[in-house]
Amino acid sequence: MLPSSTPYAAYLCTLLQPPLLLHQLNFAAIIFKPLGLILPVLVVGHALVLHEKQVQAFQSIKRAHSAAAATAAAVLCFAVIFDCERLAPGLIVVKVNLDNPSLASGMDSSNPIERSSSSEISFKSASRSLSSNPSRASRGNSVRTGSFHDLGSRPVRLGSRGGDSEMFSGSQKEISDEDARLVYLNDPAKSNERFEFAGNSIRTAKYSIISFIPRNLFEQFHRVAYIYFLIIAVLNQLPQLAVFGRGASILPLAFVLLVTAVKDAYEDWRRHMSDRIENNRWAWVLVNDQFQQKKWKDIQIGEIIKIKADDTLPCDMVLLSTSDSTGVAYVQTINLDGESNLKTRYAKQETISNIPEKDKISGLIKCEKPNRNIYGFQANMEVDGKRLSLGPSNIILRGCELKNTAWAIGVAVYCGRETKAMLNSSGAPSKRSWLESRMNSEIIALSVFLIALCTVVSVCAAVWLRRNRDVLDTMPFYRRKYFRDSKQENYNYYGLVAEILFTFLMSVIVFQIMIPISLYISMELVRVGQAYLMIRDTQMYDEASNSRFQCRALNINEDLGQIKYVFSDKTGTLTENKMEFQCASAWGVDYSDGKISTQNQQVRCSVKVDGRIVRPKMSVKVDPQLLELSRSGGDSEEVKHVHDFFLALAACNTIVPLIIDDKSDPTAKLMDYQGESPDEQALAFAAAAYGFMLIERTSGHIIIDIHGERQRFNVFGLHEFDSDRKRMSVILGCPDGTVRVFVKGADTSMFSVIDRSLNKNVVRATEGHLHTYSTLGLRTLVIGMRDLSDSEFEDWHFSFEAASTAVIGRAALLRKVASNVERNLTILGASAIEDKLQQGVPEAIESLRTAGIKVWVLTGDKQETAISIGYSSKLLTNKMTQIIINSNSRESCRRCLEDALAMSKKLRAVSETSDNTGTSSDAARGPVALIIDGTSLVYILDNELEEQLFQLASTCSVVLCCRVAPLQKAGIVALVKKRTSEMTLSIGDGANDVSMIQMADVGVGISGQEGRQAVMASDFAMGQFRFLVPLLLVHGHWNYQRMGYMILYNFYRNAVFVFVLFWYALFACFTLTTAINEWSSMLYSIIYTSLPTIVVAILDKDLSRRNLLRYPQLYGAGQRQEAYNRKLFWVTMLDTVWQSVVVFFVPIFAYWASTIDVPSIGDLWTLAVVILVNFHLAMDIIRWNWIFHVAIWGSIVATFICVMILDAFPMFVGYWAIFHIMGEVSFWVCLLGIIITALLPRFVAKVLYQHFTPDDLQIAREVEKFGHQRDIAAEVEMNPIMEPPPRR
């Protein structure tokens, strides 16, 4: 045998290093192809001395199809024969299935998807030397240490999700230099040599001093109406079309643009101030081998940065070392994703020992280009000749805070606007309200009406010009001919066709306010006022979380009054998401007797740490019998499994134990558990209550105090929970030298990996206990474990190592490794956690359903738990007929849906029959509830079965979807939105609800226990589900009623004025001269009449809060679009025509025989219109207050003052006209007659309508006014909640 130190052996050992194994194996096959006939002979010569694993490697040669493949297999045997592990520790021997020449990184052939590649790679160990680093916290304490054959110091990588995120990862190929960012450690000049990367200065402001005016105007003119008014103003500048003064025509548009620009400028100034503060913060940066302070904005990519405890990170940086000897750092990401729980990040073992001030740090990081995925990161780092793989657990993002770690050092890889936080920064989602969308059709109708008016005037002008063409030359006020120096020429005439065109365009200019430009700014101001009132509502303030209502989208306030479907999450939305351990089933014994115990004592055991007593922060109810078993030290099988059960609860998690001060006892401390989910925290506190207290966690070990005896367990690996496996596992080296895998997860996933041949009775008993717990509405988890043999551990460990360092498909490889080790488990028991309903949830759901709102609950919990919560929340009732669909195939789903539709139709027919015959029964008249699981939805969504599901769900009062994934939640919302025009609302509290919230018309986020992702993606945010009732039934109703009336009133107010101008044009030979002062025309919509409608739209209340909450049926007015619809629009327009006729013709007839001049009667028309529209508004106000009086009467007084000021200027045609006409009695008689005559038909119609056909709101107002005076508890019969008409 050749000596192991030969160059060939050394080369082969280098060739087979793990990171480059697959690529270099193919390369080796090419190199040794000429030797394909020689090397196999050499290998066969030594076959007799190979041990078992060497024989396995040799056997692969026989399966080769080509000389090159045989050579590749021979290389493996050659490396084994030459005992290359002495030259290259960490050498792995690979068993290659050469039935397919292509190599793949699959390890689990049981998955049909993964079997698509026939190649199989399993990693074997040539050495078994691993050990965990000792803990600093364990010094001075008696600790029993778990080890596994003196395992050496290898970096331990935690988590199946520690790899690259496949959801966001782009290509599966290795990052090339062209597609990657090259960052040279501690060399910012070289890092920026090829590309000048972005600096660390951020800018959230939209404008600069130079760009503000053009950019702001560009954004404002996205509104088509603004472009319309701009065109009108431009046309008025032409001499041939100048109807108004050039300045007066620009004033309305300029005013609206100015108000919006001032608002935008103020908001942007605040952003500039915030940016300045952020950019001028200080950080410690390595400069000339020592850390110096540097402003955030001056940090460059490639620089080494030192972060101290409680500091905020200035940029995205790869972690190099920390104050912890194992390289772990704890960060809080509340500024990034809203989660307050601590997260763990790790430095690579190869870099944690480097001291930047002493050691020369150099290396290269090749990472992906900047992207928005905050949960994914893919990179490689070359340090000291080693190539290391980096993942999300190795990077800390800008905005995170360093916690419970003295310091951390890292290298900047993304700075400034390229950081993930800045790439994800965006405002509230932009949505458009239904009223505003519907308003566009009315604006189009008004535009058509405007064109019709202009056409009428143009046609009449054409007829008049043809009839009077013989006298146009000398006609006063028209004179076509211009006489000068005995020369005659056309003075102001361009021909008949041109005159008709000019008349049409002049008509557009004169009648321009038919399209109310002030409506847009009025709507913005009203929405701001409404949002302020909602935010200040004390009944939507949550004391527990100290959070007020948030209005994050100002443009859909009125949509809150038209909601028909509410899609709600369960956990954290209907429930508190504050988990409390209630029941335990250990080794087939239920220690709760199938009920939630209220009598068990609450226990908080204590331990001593550094001479101080430490108690768990949370007390837990314990079962005395189970507590006694956990404390006993017997060797019985039952006691051992109980110990293993609680050991799994304490160890199988990602909990970070923190010791905090006990305010009630200065001499004691509290043990707080920070975890990524409340479930993990509840289970850890339960284990502590039974004497298994987790007191320390590092990247390599955990320390658990078991009834006063501190034991150390080496953590060889942790496979975190993911949505595919629905379980998590930890591999522990125990003090007795054994290695165990502990697994916990959902029952659906756990029973598929539990060995049912072992302890069948225990498995069956546990299944029964799980069913009992679920019917009580508890959240359940199944616990299992198994011992790993030496060979199993070696197989897992090196597979885990290879998967963790893989560059390609890391997350998929880690999942396969987890699936391989999580099998043939022994069941230990099950846990049950109670997630209590939030306060007021049952009453809230009942109110919503009474209001005609359909409530759908979409949850990831199992069906029994969801049904139990449904009953306790009054979502489900005993009178409901339940239709349950649980199918595992498309055909089965089809049959179930067909049967359910048939049953639904039958129930409806029976109900109609019972209504006709007068008989009733609960079965016939009871509502229907649909309960469907996520598996069925997989086969239903995105195919032809969607329509059947929608038809079925439409007939149901309640829909309860169980075991649904986040994207399925969004799919269900989309299902309803695509097939109906009804308004939808989604409400949730977690990151898994974001897609559902963004899909709905209105998204509401709950400020709960699962961070603020839902809040940041929502339109509105609040602290409790019960606040949804006042939000919809009170504020939603008010907002819709006010906004609907304000839009109609603006259309009416402007149309009255336009029709007065139109009637005058018909009496002025169609010349478009106006009797009303041009400045009054411009100020009409801005000053004369704008303030009252804004004030009323913000403050008026058609009904009190008390009655809106007492009679939820009143909410149906918004669903039926009673405040704004096409019928109301046309009735309003007819009323407008009548009022304009009265305003115009009463003064005409009154002054027909007088010598009054045109400006005087124009002032009369101006004042009459302003007084009329304000009295019209006053007639519709429900609740008067002093603000309304000031706004309405003040507006009238302001109009008088403005008219008098305008007539006081000699430059205007109507100089002193108002003072002449106001001195006559006929002026005041005309005003009074106009108001009475114009409003009388409207007044009579309202009286008759409210007397003979009152609607629900009118009935409720009468009860509110007269019922309280008589002090009676009136039972009001409301109109039934009918299906609203379809929206167009």
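For all residues, glycine too, the Cβ spot is worked out from N, Cα and C.
The shown structure was predicted, so the numbers you read here are calculated from the model rather than taken from an experiment.
Look at TrEMBL and you will find 109-139 tagged as compositional bias 'Low complexity'.
According to TrEMBL, the feature domain 'P-type ATPase N-terminal' maps to 183-249. Averaged over the domain 'P-type ATPase N-terminal' (183-249), the predicted model reaches a pLDDT of 81.
According to TrEMBL, the domain 'P-type ATPase C-terminal' annotation covers 1015-1254.
What TrEMBL records for 105-170 is region 'Disordered'.
What TrEMBL records for 27-50 (among others) is transmembrane segment.
Sequence-distant neighbours of the transmembrane segment (443-465) (same chain, 6+ residues past either end, Cβ-Cβ under 8 Å): 225, 472, 496, 499-501, 503-504, 507-508, 511, 514-515, 1051, 1055, 1058, 1062, 1065-1066, 1069-1072, 1129, 1133. If you look up TrEMBL, you'll see 443-465 (among others) marked as transmembrane segment.
The transmembrane segment annotation in TrEMBL covers 493-521 (among others). Non-local neighbours of the transmembrane segment (493-521) in the same chain are 223, 225-226, 228-229, 232, 235-236, 240-241, 243-244, 249, 252-253, 256, 259-260, 443, 446-447, 449-450, 453-455, 457-458, 461-462, 465-466, 472, 480, 1047, 1050-1051, 1053-1055, 1057-1058, 1061-1062, 1065, 1070, 1072, 1074, 1081, 1084-1086, 1090; each lies 6+ residues outside the stretch with a CB under 8 Å from one of its CB atoms.
What TrEMBL lists as transmembrane segment is 1051-1076 (among others).
Sequence annotations record features per position, and here TrEMBL assigns transmembrane segment to 1082-1100 (among others).
Sequence-distant contacts of the transmembrane segment (1128-1152), counting only residues of its own chain at least 6 positions beyond either end whose CB sits under 8 Å from a CB of the stretch, comprise 442, 445, 449, 1048, 1051-1052, 1055-1056, 1058-1060, 1062-1064, 1067, 1161, 1164-1165, 1168-1169, 1172, 1176, 1226, 1229-1230, 1233-1234, 1237-1239, 1241-1242. The transmembrane segment feature in TrEMBL is assigned to 1128-1152 (among others).
Taken from TrEMBL, the feature transmembrane segment applies to 1158-1179 (among others).
If you look up TrEMBL, you'll see 1186-1206 (among others) marked as transmembrane segment.
Taken from TrEMBL, the feature transmembrane segment applies to 1212-1240 (among others).
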Exercise for the section: Could you name the stretch, out of 1051-1076, 1186-1206, 1212-1240, with the greatest number of CB pairs under 8 A to the transmembrane segment (1082-1100)? Expected result: 1186-1206
Practice task
For the transmembrane segment (1212-1240) and the transmembrane segment (1051-1076), decide whether they are in contact, meaning at least 3 CB pairs lie under 8 A, counting pairs 6 or more apart in sequence.
Solution key: no
Handout entry: Positions on the same chain near the transmembrane segment (1186-1206), where near means CB under 8 A and six or more residues out
Key = 1077, 1079-1080, 1083, 1087-1089, 1091-1092, 1095-1096, 1099-1100, 1163, 1166-1167, 1170-1171, 1174, 1177-1178, 1212, 1214, 1218-1219
Fill in the blank from the handout: Per DSSP, the domain 'P-type ATPase N-terminal' (183-249) contains 36 helix, 2 strand, 29 coil
